[in-house]
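Annotated features in TrEMBL:
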- 23-34: compositional bias 'Acidic residues' (COMPBIAS)
- 43-150: domain 'Ig-like' (DOMAIN)
- 241-336: domain 'Ig-like' (DOMAIN)
- 422-494: domain 'Ig-like' (DOMAIN)
- 627-723: domain 'Fibronectin type-III' (DOMAIN)
- 725-820: domain 'Fibronectin type-III' (DOMAIN)
- 824-910: domain 'Ig-like' (DOMAIN)
- 921-1014: domain 'Fibronectin type-III' (DOMAIN)
- 1034-1122: domain 'Ig-like' (DOMAIN)
- 1-47: region 'Disordered' (REGION)
Amino acid sequence: MPEPKKPGAKGAKVEAPPADKPAEDDEGRDELPEDEHVPGEEPQMSQISGLLVEKPQSVTAIKGKNVTFVAKVDSSQLLRKPNMKWLKGKWMDLGSKAGKHLQFKETYDRNTKIYTYEMTIVKVVDGDAGGYRCEVTSKDKCDSCTFDISVEAAEETQQTNILEAFKRSGDAGEDAGELDFSGLLKKRERKQKEEPEINVDVWEILKNAKPCDYEKIAFEYGITDLRGMLKRLKKMKKVEPKKSDAFLKKLDPAYSVEKGKKIQLSVELADPNAQVKWLRNGQEIKPSAKYIFESVGGIRKLTINKCTLADDAAYECVVGEEKSFTEVFVQEPPVTITKMLDDVHVVVGEKVEFEVEVSDEGANVKWMKDGVELSRDGKYRFKKDGTKHWLIINEATTEDIGTYYVYTSGGESKGELDVEEKELEVLQSIADLTLKAAEQAVFKCEVSDEKVTGKWFKDGVEVIPSDRIKMTHIGRTHKLVIDDVKPEDAGDYTFVPDGYALSLSAKLNFLEIKIDYVPRQEPPKIHLDTTGSFVNKNTIIVVAGNKLRFDVDITGDPPPTVCWKKGDTELSEAEGRVRVETRKNLSCFVIEGAERADEGLYHITVTNPAGEDKADVMVKIVDVPDPPENVKCTGVGEDSASIQWDPPTFDGGVPVKGYLMERKKKGSSRWTKLNFDIYESTTYEAKKMIEGVLYEMRVFAVNGIGMSQPSASSKPFMPIAPTSEPTRLTVEDVTDGTCALKWLPPERIGAGGIDGYIIEYCVEGATEWVQANETPVEKNSYRVRGLPVGEKMLFRVTAVNIAGRSPPAVMAQAVTIREIVERPKIRLPRELRTKYIKRVGEKVNLVIPFQGKPRPVVTWLKDGAPLDTKLVNIRTSDVDTILFIRQAAREHSGQYTLSVQIENMEDKVNLEIQIVDKPGPPIAVTVTDVWGFNAALEWKPPKDNGNCEITGYTIQKADLKTKEWFTVLEHNRRPSCTVSDLVMGNEYTFRVFSENICGMSDDAGISKNTAAIAKTGLQQKQQPYKEKDMCSSPKFITPLMDRSVIAGYSAAISCAVRGYPKPKIIWMKNKMIIGEDPKYLMQNNQGVLTLNIRKPSLFDGGKYTCKAINDLGEDEVECKLVVRVVTEKEEAKK
């Protein structure tokens, strides 16, 4: 074996053991055996779970160089990000030391789900050598790894500039750190002494040495790695395992089991009769449904059923003084996703719900968006109900567009969220206006959203409201009103909704009037301008609610007279809503807020002396359509409903383009839109509704003008579906012409419930089913009657609710309609197989079931004779017979025989009924002897024992003076007794009660003679009474206590004194007796003495004394009273 290096050798390490020894790892950081550790060092933490897929390795670093350690953690089975700690020694957390010398880095690979942690030591120094540990934890899982750093000096280079060695430590410049003079020290080479090599087996020396000599031997032979030497030495020592006297086979070191499964721990004992104890975390386990103990010969087994995370613990099996240890690890099965996420498409501002369903109710899930975990805040909400989990976004925005992920410990799912911008629809645009001076200009528009605000602009400049210019916003309508129009008001007006890339424009034209006088006559002429509001010749279309101003140019000289008519009604000039304004050469027909009644043919006639002219103008009023009518639900499904309605009676003068639908829950005020695009049909199927919830629907009609008012809400309807088919349809009984069926309710019932069941039957081979019941039956059984005898019949049952019939449950095989003969059998209840005992007056109700087909003949007998139905009531059905007695009497006792007979087959049982009552009193009670303080009694049993055995007697005594009865004996079995402890000089009489199972007799047997206890010559000597002397000298039992009081606040001092006769009390201040000074109040309450001082001042401070004096002596106590004045600082603190 090579000799280890001497202390002077550089880089000395302990060599490997001899070749004949077991091969060991030749590095000094080998771990100890499982049950041992280096003295002074804690054993390494057991690795509960293999989280670390790559562990940092021990290194030998060069001083001044950088060294990096890498640890990788697999997070594929983790719900949360793992927590990594880098430690030096036992407890030093290096995370708090991060800086220029220690640097930490963390990265994550989404594809492999691997976290990579790096620790870099910059410019290693000697102080960095030692043992290190990295720990990773995540919820209930953890893992750790240890590694060592040893530091070697770098090769020396000749110092050329001595000033460079004189420097400061650190990297912050010439003023940083402390002065480091180590560079100026001259290194000297140690001269190695040449010694002859001696072949010494150091390991043999260490194995035979005492532990206290290990350090000395290591120093002598140049072993510097003492820790590595101890670890290797312990591994080299072959310790023979101590053979257990109690166990032939111990528990395995560890067991693993999945959550919800069972596990069995087994040991084998040397003594088959030995008793064992099972412990869990040091606490004894008791047998139960969860923990089952088994013993087969010398084998002892512990079975743990339905393991949970709480069963993850250390277990022991104890036999006498010996123990066997193990550890059970419970693995939680991965949580899988049973219902994946669906993609969601919404409009800005709507609510978003992502729903996922997992396999375990108690599972936790993690929500992420584009790789970032989502947390509960004002934007995101998480909801959980059983196995269902929801991610809720209350108001969606375009920023929420993306891919959302949900993760469990055993799966993941993703869903896309698409958010569309909400489009604003223009229901009515603004129109061009041509006005004259002093008239009113009204620009009006209508949009689809009531909440939208906007701004008005004139020629690109925002309009500012004033007394003449007003802007209003009512519902979906926006108006700009300009009173007293002026020439400068002419221009382009634009309405811009806030938040939308949309604008509505119109032009205001100012009409100037010029009058030219031509003194001549000219026939009148009507000049109609068909280029403006006319859609065709002489027809004007006006949107309801808008203002119509129709200017007609008229020529003629002299100025003609204008007459407007609608039908035969002439329209005169007035200030009303429909009016005619006439000026020279111009007639204006005005309708303020056009209505549907204003529609029609209007005639204009102009006349002057030169002639006449006529023209017709057709005014057509267009409006939003009327609401649709007769909205109703025509059918429902599990989560859907079919809706139908009639078109509006008036389409507004413009064809209806389509419809918009809304729904809401009954009782709610929030309507939800079902479609954003116009729906052209008058039937619609609404989906994604909740079964069992009442809904209401309403419909809007849309034409080219706008959207109508909502229709009347439909009658409330509920989405429901028929139930599933009934289950377990079986035949309960078959007779000639009838068949009894029974079944179980459907597995899925739904919100509609079950109104009943329909039973149908048909002959085997036929296709026509006949309904057996006219109305649905509510019970889960039914007897079908009127069936042909001998035929084979098929049966089926259908569940019925408001949604209709369920699929039928059909009998798998045909049933032959024929009576089945069954032998009669009486099933006697257990309590009637012995004597049946009841008290007099109690109720007897015996129900005895039997079986047999056809219906058997039931016969009752009492004591072999037919039963008298006047004394006993008998009721018999197809399956049982009842014997009923309202009030039992003794004559009801006897043997009853029940016979059940079918043709020549018969079954019989015998019942014995015993009716009992309280017994009568004993007879012939006699005092047979008297001696000393004792008396002997005898009596005979009662004539009436209550129809049952006498169980005992109760004896009472009474002296003839007081005649009060006292019980002396209870439950005496014999008809005789001896009464002791009688009082001398008294004469006693006795009485006896008899007892049975009903209790004591109502009356007692009284003794015929008495027992007199004679007096003897004894006399009592009374001790003379000596009165106690209560006199005592005064003595204070509670002294006065020193006190410090504040000037101006009343104070009191008190003490307590005892003495007899009552002592005289004297109070003194500074040895001077306090007299009748009103400042002091002295009180004496049962020996408690109190001196009250009213508003003391500085002069009241001093020594106070209380003296008590009586004829037997005196006593005094004293205390010191300090009176202080409150300063301004103390007042300020208060």
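For all residues, glycine too, the Cβ spot is worked out from N, Cα and C.
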Range from 241-336, 422-494, 824-910, 921-1014, 1034-1122 with the greatest count of C-beta pairs under 8 A to the domain 'Fibronectin type-III' (627-723): 422-494
Rounded mean pLDDT for the residues that make up the domain 'Ig-like' (422-494): 87
DSSP-assigned states of the domain 'Ig-like' (1034-1122) in counts, ordered helix, strand, coil: 3 helix, 58 strand, 28 coil
DSSP-derived helix, strand and coil totals, residue by residue, for the domain 'Fibronectin type-III' (627-723): 0 helix, 42 strand, 55 coil
